[in-house]
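Read the structure below first, then the notes.
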Amino acid sequence: DFRQQWLSDSLLFNGLACKAPSMVTSDDFSFTGFRAAADTNNPLGIGIIPGFAGVNYPALNTQGLSLAKFNYAKGGLVPPHTHPRASEVITVLKGEVHVGFVDTAGKLFAAKLKTGDFFLFPVGLVHFQLNVGSGHAVTVSVLNAQNPGVQLMASALFGASPEIKDEVLSRAFGIKDDMTKMIKKGFMPAM
């Protein structure tokens, strides 16, 4: 198995195992993980398949790149999030997707993308994607970091552990404490 062979070797770069140069073949640079569709049967209506060095595409180790394929059900949403260590270029392969980011001055930059269109999310800025087409959509993203990180805004704030004080969130969002408590319940882990 490719992954087992790759990860079983003892030479490490960036904390990940690398094959000895004499063992490397052309197949090591191929990635077929995007052939399948990701499951979109969830509350957000999205499925994600990563192409990351430490997950399923070891050839990316030391290359400063990560990939992700998104499948969207009708109305599927990638919620507001950031990548603290990477910019992202998204390409629409199928459908119509509304995308956008907010800069540090609070200005929204957004566009409706169709098949073949690209859009850039600058490093660290809050951004989102929403399928606005009449059916399923598919996008592929390339991020310029091996470990871009991801922080979902709502989860980070309302699902933090330990919890952020209700007063902080209520005042920050201009809502009452009972609303904050209700929102937090949606982010608590199932018992």
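Here the Cβ of each residue, glycine as well, is placed from N, Cα and C on the backbone.
If you check TrEMBL, you get these features:
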DOMAIN    32-181  domain 'Cupin type-1'
BINDING   His81, His83, Glu88, His127  Mn(2+) binding site
BINDING   His83, Glu88  oxalate binding site
Within the domain 'Cupin type-1' (32-181), residues counted as helix, strand or coil by DSSP: 22 helix, 59 strand, 69 coil
Least buried by Cβ count (within 10 Å) of the binding-site residues His81, His83, His127: His81
Shell of the Mn(2+) site beyond His81, His83, Glu88, His127, same chain only (C-beta within 8 angstroms of their C-beta centre): Thr82, Ala86, Phe101, Phe121, Leu125, Val126, Leu143, Pro148, Val150
Confidence summary (mean pLDDT) of the domain 'Cupin type-1' (32-181): 96
Cβ-Cβ neighbours of Glu88 (Mn(2+) binding site) (radius 10 Å): 22
